[in-house]
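Written below as structure tokens is the structure these notes are about.
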Amino acid sequence: MKDSTEALNSIAFAVDTTLSSILPSSLAPPSAPPATSSFLKSIWYAFWWLWSMVVFKIMNIILLYIPSKIMNALSINFEITLNLSSILVALSAIITVCFLVVRYKYLTGYSKDTSDRKTKGKVNPSASNINLKNQSLDYVDQKKGHRRTTNYLDEFLSAIKVFGYLEKSVFHELTKNMTTQKLSHDEILYLDEKLGFSIVVEGVMQVYTRITENSNVSGGFDPDDDNELNYEKDDVLIIGNQRYQLLNEVKSGAPLSSLVSVLDLLKPVDSEDSTSDMLHSFNISDDDNISKIPEISPISLPFQGIHAGAKDDSVPPSPIIRPSKTKQLYPEIVARPKSRPHKEHTGHHLHHVHHSGATIAIIPYSAFQRVQSKYPKATSHIVTMVLARLYKVTFNTIHDYLGLTKEIMESEVKLNTTSSVRGANLPGYLFDGLLDKIYGANGINEASLSRKSDFQRASSVNLNKQKTTLCDAKSSRYVLLDSRLKSTHPGDLLSSVPLSRRSDYYQTHSHPLSADDPLVRSAFPSSKTLSSLSSPTSNLKRASSNLKFENIRDRSFSDDREETEETSLRIAVVESIFKILGISEKSTAMRNLSSFNSGRSSVSSSIVGLSNLMSADDKFDTNAARVRFDSYNGFSSTATSISRSSTPIKFYNTINQNQLHNHHMGDSVSGINISTLSRQHQANRNSSPTEFNFANVKSDFAKCLEIKSYGPNTTIVEQGSFNSGLYYVIDGSLDVLYRPSNHGEPSSNREDNLKKLYSVKSGGVAGYLSSVVGFRSLVTIRTSKKRGVIVAHISKSDYSKLMDRYYFLQLPVATKLKKLLSPQILTIDYALEWCHIPAGGVLCSQGDLANGFHIVLSGRFRVVRNKSDRYQGNTSDDDILGFSDTSMDCSPSSDINNEDLEVLGEYGHGESIGEVEVLTASRRTNSLIAVRDSETARIPRTLFEMLSLSNPSIMVKVSRIVASKVVYKDVLDQSSRNSTLIPSSTASHISNDYKTITILPTVSGLPVREFADKLVSALKAIGRNVIALDQASTLTHLGRHAFDERLAQLKLSGYFAYLEEEYETIVYICDTPLKSNWTSTCISQGDCILLLADAEDDVVATGIGDYERLLINLKTMARTDLCLLHPEKYVEPGSTSIWLKNRIWVQGHHHIEMEIIRKKDENSVKKRPNIISELASKIGSKTNPSIKSTLEDVRLKAISSFVKLNTSFVHSDRYKAVQPHKNDFLRLARILSNEAVGLVLGGGGSRGISHVGIVTALERHGIPVDLIGGTSIGSLVGGLYAKDYNIVSIYGRAKKFSKRVASLWRSVFDLTYPVTSYITGYEFNRGIWKIFGFTEIEDFWIRYFCNTTNITNSTMDIHESGYSWRFIRASMSLAGLLPPIAFQGCMLLDGGYLDNLPVSEMKKKGAKYIIAVDVGSADDRTPMNYGDTLSGFWVLFNRWNPFSKHPNVPNMMDIQMRLAYVASVNALEAAKKTNGVIYLRPPIDNYATLDFAKFDEIYHVGLNYADKLFSSWSKNGKLPAIAGMVDKAKIKSGDDKKVLYRRNSI
């Protein structure tokens, strides 16, 4: 026992030792505790033994048992026996499972992202327009609230356009002596515009004009009568026996005085004529000796108790007015505050209380005189502004709208019949010498004598001889006559004595004659061209002629230099023109301009007129420094220097209106208290004339003078031209002809409608108004039919430059013009309002009173209607009183929701707004919002009614305008009624004929200049009169500080307005940095903004460009189109929607092929990652370098050979790289000019294959296509053409689709249980997807749309965005055959059920010409008569009876089909009658709807039909004049007609 125990202990020790060495420390048995009992030791070893046994067992199972079992299982042999049927079933099951997995998991991957796609976040353009509009309205409200914090009087004065551009010093000079006058509700103001300039500060003033006895207005116009025209009780005012007609209502902040009256306030008082001028304005005869009328206390009018307002010591008493002179002394203009009725509760009664009154501010006459004396250049700016208003507002309205052009031309008739003109003849020796040289023995020689060639060439011996003579006599004072050079001249005193043309007041200088002076040529060319005399370009001073006296002995010489006959002639002509224009050297305005330095003195220069302030000993005289016009009409300097804070005085006299109603009108009139009518003008004269060299002015004018000779019946100026100039008739006469504007008149009859107005004789001037005012020529100027004419011509550009240089001439010229204007024109000018509406401003709101209508002078307005009946607009008038703040008072931004607004259209330049509401005395039906900074001329209702009574032709013309608008509206309504259902996804048509186009880049570095050049060339090619403006070209006209100074805004606005008058389209090129003022100007001036972007720039596509951010901050209302520039005609699928996703300010987009030259180090544009390229680069990096270099060499050789092959193919005669009719810039130009060509392809199943042939014929004949729309099969062919714009790809893809649809097996496998449809639509869907892929409609190169029938909402939907295959499939979904496409919860079917030929929708897109191809089945209109009952057996027998006379009765399927296409048939008939539609229907009636297997046959039917038709049209001249097919720019320039297209074969 002991031995066994020891043996176990030894074994345990050995195992313990072994395990301790083998097992890790964590599994090793722990050492026994020292000094333990044997019992514990035994237990310890037993536990350890059990643990060891468990470990060994586990190791045995893992290492031995499990592997042995696996080996035994693998070594077992067994057999499975299956029969053939089991194997086939198993294989069928496996194949079916695999097919279902591939079919429904992988092959339907094209539609996994298109189940309910909302066009990737693209917002409806109409909604974005309204959203931006409301933002603009909120911005306007914020701006208006900010403006109200300023001084109200300064705000009113700054808002007036005349004073808005002046410097602060000039502005303060005008306003420091301004006074105010308060009027009670019963006071009538006698408005004397010669006392000062008045502005309404508070309240509303009603302005009345006097009605003369011989006027038609007074006849039968009784205010007590219930007259239709007199629906306002305040239209007529009676003072004494004089009747006054309401002219206008002037609101707070608007000028009460006429802006033309500023000319009288600025005119210096230098003669007694001022007194007569003032009295003449009140019809007081100059023969009346006003000084004999005693000045006594004011007396009452014939009606008792009427006085001239409150008595004031500063106002002199009025004279006694004798009864015989009463009617002459009634003022022309009176004004009174407008009554405002308010309801007031007094106890139990309701009373109407009239709370009214007004406050006016007056800038006195003396303030204008101080400005005229101290700031002559600022005076010229005011005069320029007055003329600009006269041109833009008055003349435009009178000529274009009212049709009173003859009234305007009466001023030129007066000019040429005044005594000053009759005395403005040339000296006899100059006149005879000129006639002797032009009308020689050979007759009239009309040789064109260029100004440059006159002094660069020597053409005869006589000229050389003359040159020698002149060089020897440089210091002579003789006038060298050309007659002395003739060998046959016998000589006389005039040829040997000194001659002078100097008058008593002209200081003259002479000029040496050039060697090749045209006046001394021995012979003139005989060609019928213009002959002109030009002056040397030297800066030497010239002589002037005395225009009144012919006594040569009284003349002296002006200089030490010799005066030639040419210089004498030129100066004499200039002096004659000056006398006609009203420019006199003796005038006070000329004497005040001492030390004048042309173009160098600033507006506020303190040295202007400095010599007037110096005494004889060159010391400053404080007394002389005072303004010489401190008193006027009895007003002392203390009276006129009352500040604004002083107590208001009675500046104007008034009478109490209440006394008018209490007085009994009698026949006798004893007197009237009008104190301002008889005041005499007293002005201090400067006795010592100042030194001023007026000869420089005449010399510079003479340099620009051209003497021309025209033959008989030669048109010199065409009506409507801009660059006419001033024509002074030296000999002969000019006929002034006028052609009434009639847009519907054929051009061949326009020549017959020319009517002669008057003739300009010798000594007269033609082209006066167009030169002085800057207006386009209203008449045609032509020489007489019997003989020619010799004229002296100053071009309009030269005249404008000289007037800008010598700005002090503008005041006398403008004053002379005002005297020539008729009283009717001045009345119209006084009543017309010049409205300035900023971008986003509201011209008028829906619901406003229509108290006037507007004519758009510049800018653009968007018409918006609120569809909610709960909206009520303001009841205030819709007028905009000359400044932006008043226009915002009717802004309904807080009451308008986006969903309630509807954009109806836009008004552009020259269009009129609101006549219907005015004639019907109703409220505004729409709201008008300015798209950009705009200007309108407002004609008040009262002025229109007054002019209509005196000139019935105005009412006739306005009635025609209104009737034409009504007819046009009826046409639109008729077209909308023809389409029974209104499309749910399109807005009303907005005209694309934009006046101004802005080209703006998204980021810097884009080729803006190159893009603009190509677009301008395209616009010219389609026949548009276009000009491109960039900062450099604009600075050329306006100066280098055009966009930095406040004054430049006036010139800038006038320059842009002039360009809008002269050109059809203006392209603004934004080629400046982001913070430049020109960038903001371009954005604010654009009717349409073209936003350029690089299509491959992913950074900008997902973000926003710097220029776009500025565009958003400026809150422009203009339409914004995104132009994506591509290096080639290819758009990566899905790339366009990335650009349009977040750009809600973009309403459209265009794909343009244009190469962008990028710099090598440019990293701003990131290319899209290409998986294959990245994989190739990774593999190439790990490849052996030798293999890599070999492959690179092979690749380079392949590329070079491909380039050579492509080059030879491109330059071959059978192919042309860029076809002109596919020019993207011509397409863009047509769209922007409303000249787009649309292609509409109808539905018809397999018959639509003929569309491919027709498109091929269009390509062959070079007919461009700008817009494409389609239905059913037409949507498929149209989508292919819009996607690739290539006939080759269209043919191949359409044929591929036809083969798939015609496949019988594909149709059989696609059959399903016919609950909704016979087939599932899978094969049909996949066939469409195979040719379109994941391309979206936005990716199509040409703008495209297709229509579908929404059977959920019972509407027709138009699709212009989204996956193309999906909506094309929806447009082709024939009910019963294919299931509807589900989109956003709606079911979409074939669009042919509502409109199988969507011409109306294409018309909404702005297409002018529409090529509509109809391939639908022919309508069976056979009459049926089978009685009231019908037996099915009889119908069956009738079908099989060959002898039956009854037509076959349709079955149930046919009836359902006809019922489904009822709306489409009506829409087709309306489409045929639409203007501009080219209706085509190829002979395809013999083909069924599903005959897709006959592709080639149907294709050739369409091709042959269209090819023959277009060829015959081209041969017979019936093809419409589509813009771009012929280069109209070259035709205008006189080149031969060049066709831009050529035939191209496939």
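Placement of Cβ uses the backbone N, Cα and C atoms for every residue, glycine included.
Of all ranges given (555-559, 845-849, 1270-1274), Swiss-Prot attaches the label motif 'GXSXG' to 1270-1274. Using a 10 Å radius centred on the Cβ of Cys835 (nucleoside 3',5'-cyclic phosphate 2 binding site) and all shown protein chains, the other Cβ atoms total 28. Residues of the motif 'GXGXXG' (1243-1248) grouped by DSSP class, helix first, strand second and coil last, total 4 helix, 0 strand, 2 coil. Around the Cβ of Asp1390 (active site, proton acceptor), the number of neighbouring Cβ atoms within 10 Å comes to 27.
Rounded to a whole number, the distance between the Cα atoms of Ser1272 (active site, nucleophile) and Cys835 (nucleoside 3',5'-cyclic phosphate 2 binding site) is 51 Å. Shown are the binding-site residues Lys816, His854; the one with the most C-beta atoms within 10 angstroms of its own C-beta is His854.
It is Ala930 that, of the binding-site residues Glu911, Ala930, Leu949, has its Cβ surrounded by the most other Cβ atoms within 10 Å.
Among the binding-site residues Lys816, His854, Glu911, Ala930, Leu949, not one has its Cα within 10 Å of the Cα of Ser1272 (active site, nucleophile).
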